[in-house]
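This report refers to the structure that appears directly beneath it.
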Amino acid sequence: SKQAPLMEVLKKEVRAMLIAAKAGLTPEQLEEQYMAMVCKPLPLHDLGFQSTLEMVTQMPEVVQICSSKNGALILKAIADDSTKGIAKLVASQKVKTRKASKKTATKANATFLTKNSKNPQSFQALSAGTPVLPAMVKAELQDLLSSSPLLLADLDKAFLRRFGRAFQYRQYGFLSMFEVLRSMSDSIVVEQTKAGSLLVLRKYLASEIEQQKLSQASAAEMPPLEPTCETKSFYQAAVLMDSEPVQTQAVDLGEHLKQHQGFEQFPPTPEIPPDAVQDRSLCSLPPLKRRCLVGVIVEFVVSPSQFYIHICSTEASYKLQDLMFEMRHVYSHKLASDKYIMPESAVQPGQLCCVMVSKWWYRVIIHRVINDQEVEVFYADYGHLQIVQKSWLRFLKWHYLKLPAQAIPCSLAWVKPVEGRWSSAAILLFKHLCRFKELVGIVDEYVDGVLYLFLCDTSTKEDVYFHSVLRDMGYADICGENIPSQEFEELNPSALYVQPSGKQGNAEVVEPDLCLQQESQDADSETATLKLNGAEL
């Protein structure tokens, strides 16, 4: 009796995944994508199946099983009446997006450009349909090549050996490894040799990474309580300017602390380094202008009413990568890392710190203490919550406060779920629309610190506005106003733990260096009629 409703839900989820994949998926790829989207394996055993292939054979109205040229099995969706529209849009999606992206970015912005735009050509620089590697994966590739160049033929084995997993570029939307390398041409050079294509990290990056490694080797020899910086790399100037003032002279530290009791920069116990963050918060990014257009990547999705984005900006991307590199090199050495171990008294909700996951360090805020061994933390730069071991936590160093929290809490503008809450099928479709793509975002407004914006995919022949897709699929109603997100009202970690850069309503808006942002004309007084995807809202 339980299997029938489970099977019906699974059919909807499988159809949504296969429709979003223009070329279809292998059974293995379907398993991977289901795990990535739903965060649990396909319920094969619950339904009495031994394999994914056996399962899809029992979905003849949902899945078509085809054979590729090399003999591999490919699963393709069979659209029903409610999904024919989206299937047609996916079928028209272009494979080559580099040249098309400039034209489609122009097309997406035509409605919103004004005669008074300061830089009417700037939006053409965005490749809205070009796949994008997550910042962590970019950092991993750069780190892999920092020691020495690597033949392209050896990349997969080297990546697996170094990071314990395969480099599956297709899950990020790339069709080939050469597309990946093209997207990282600013940091990786491909040289042709007799042995094959050789991947070389550009000299300035290799030099910086090597300096970090060399300086960190000397840092490991420092006394565990000496309150000086661990690195002398190119970050040193920023550290001296942005760190909380600390005594750097190597003297009898115990006596020195006694003499300065009462000063805020010195912790009450000598076990905590003076540059450890204890009572400070990260700041959010400055608010974006109303009606501006900006390139975005959706980093984490709960629903169309609760998701987090990154702004597509070369400068911002590099800053986050640089932060991850330096934190990895600082905290990866035991003597340096042990200095920042957090005592039990410091492991409290609201404490800003950092955590190690798969050899990389992330800025997090403790959300709740689960038990003696575990805590739930909020990733300020990515937007999600995760349960981690207390032993993985470390105090955050002062100069890692400088970069604002990179994850922006968002809701899709002017829509609401038809059933009161978003269905699992609606959430799954929205995740597929967003996944690993550079999108065009049109800023509507901020409500209680949450950014409400429209999202548009310009990689297809016709611009795809996500609110229209959800409406056409019967998952959403267009309401013409922004209803406060029920999900964010229940829990908004950013509002709890991240300090606003200024009150959204009264603050002077800072215009970041973004390739798509445009100035609107009299935005506050204008009653704008937006025609998105040909539908007047």
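Glycine is treated like the rest: Cβ placed from N, Cα and C.
Taking DSSP states H, G and I as helix and E and B as strand, the domain 'HTH OST-type' (6-79) has 36 helix, 11 strand, 27 coil. The annotation domain 'HTH OST-type' is assigned in TrEMBL to 6-79 (among others).
For 129-204 (among others), the entry in TrEMBL reads domain 'HTH OST-type'. Note on the domain 'HTH OST-type' (129-204): DSSP counts are 37 helix, 15 strand, 24 coil.
For the domain 'Tudor' (346-403), the number of residues in each DSSP class (helix H, G, I; strand E, B; coil) is 8 helix, 31 strand, 19 coil. As annotated by TrEMBL, domain 'Tudor' applies to 346-403.
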